[in-house]
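**Q** Pulled these from TrEMBL:
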ACT_SITE  B:Asp23  active site
ACT_SITE  B:Glu84  active site
ACT_SITE  B:Asp157  active site
BINDING   B:Asp23, B:Asp157  Mg(2+) 1 binding site
BINDING   B:Glu84  Mg(2+) 2 binding site
Number of protein chains: 2
Amino acid sequence: MYANAARRPTTRKGIGVRVLGVDPGLTRCGVGIVEGEPGRPCRLLVGGVIRTDPGAELADRLLALDGKLAALVARHEPDAVAVERVFSQHNVSTVIGTAQASGIAILAGARSGLPVTTYTPSEVKAAVTGYGDADKNQITTMVTRILRLAEAPRPADAADAIALAICHIWRGGAKARLTPKTGKTGRTGVRQ
Amino acid sequence: MYANAARRPTTRKGIGVRVLGVDPGLTRCGVGIVEGEPGRPCRLLVGGVIRTDPGAELADRLLALDGKLAALVARHEPDAVAVERVFSQHNVSTVIGTAQASGIAILAGARSGLPVTTYTPSEVKAAVTGYGDADKNQITTMVTRILRLAEAPRPADAADAIALAICHIWRGGAKARLTPKTGKTGRTGVRQ
């Protein structure tokens, strides 16, 4: 996993919001932590993939995923979590595992009291490339450019997770933190 | 929610295993806690439904479900958890939420170090009624008879969760507790 951050971030460079993006999956769950503000270049703190063993039992895989996501949240203290929305039209052979992984990711954010937002792939593509039908290469190219990276994040799941975090920052999701809603539902603020 | 148990069970009547059955759902999640041993009548401790508000945000719903399942586990101290397996052929409009709820239920068991087993609806029907194509009424009738209840558990989601717990007991799932497997995957023992 690519990591730019100090072991325990205490101060943040510039004004902005720190977002954990999650591209949910059971075998490969993309994660990216990005800092920035709307319309400006962002800074990559973490980009990578949480893998769980396809040969292991489901409960152990979900437990491992939960533990690694909780550790990322504890270490990097994001202000918000952005998770890709799963549709039933997804790849039929993996959609149940993907949905279960997304539930674990959303819960991981909610348990830490963070606002959690879900985005469709089209919303992420449009936010990052300006084009809702962009392909994976175009997303990776734009993510590399926006973050001013020397090389493209790999694998594609990591780039997708980073794109989710950028999408959340650029769409102004950070506002939720600055002007929190009142009442119970405001705390975890999922847009559906 | 129907509850037969003392506020905090300390001793158990008879020899047997205590199982939490979960029929996962986001709006209505059936739960049943049953105690017993293979081939004998069982004792119902808890039967009911955990509801989350369809108008609330997804993260809050998953957080509420997680909290209520964790509270059930903490209060009734089951030895194992049995969860209905979700298939992508499920009702398309609700399958993603059902899969997310199942992930939360499996994680709730695994986080408490309990063995978690998933069963198909056919396996549960066959175990409880002797007939894999049994309908909901037949399951409710058999559950009522096996538990010697004065009236049938309602709604159907509660009866299904209770049937899952009975299925796990009668199929000898309790063995996993008596002869734990070694190594990491043994702890949460999901049969897939």
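Cβ from N, Cα, C; glycine included.
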**Q** Let me check the 10 A CB neighbour count of B:Asp157 (active site). How many other CB atoms are there?
**A** 26
**Q** Tell me whether B:Asp157 (active site) sits in a helix, a strand or coil according to DSSP.
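**A** Note: B:Asp157 (active site) is helical by DSSP.
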**Q** Quick one: Cα separation, B:Asp23 (active site) versus B:Asp157 (active site), in Å?
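**A** On Cα coordinates alone, these residues lie 6 Å apart.
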**Q** Is it possible to get the count of other C-beta atoms within 10 angstroms of the C-beta of B:Asp23 (active site)?
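**A** For B:Asp23 (active site), the 10 Å Cβ neighbour count is 28.
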**Q** For B:Glu84 (active site), which residues of its chain lie six or more apart in sequence with Cβ-Cβ distance below 8 Å?
**A** B:Val22, B:Asp23, B:Pro24, B:Ser102, B:Thr118, B:Tyr119, B:Thr120, B:Pro121, B:Val124, B:Asp160, B:Leu164
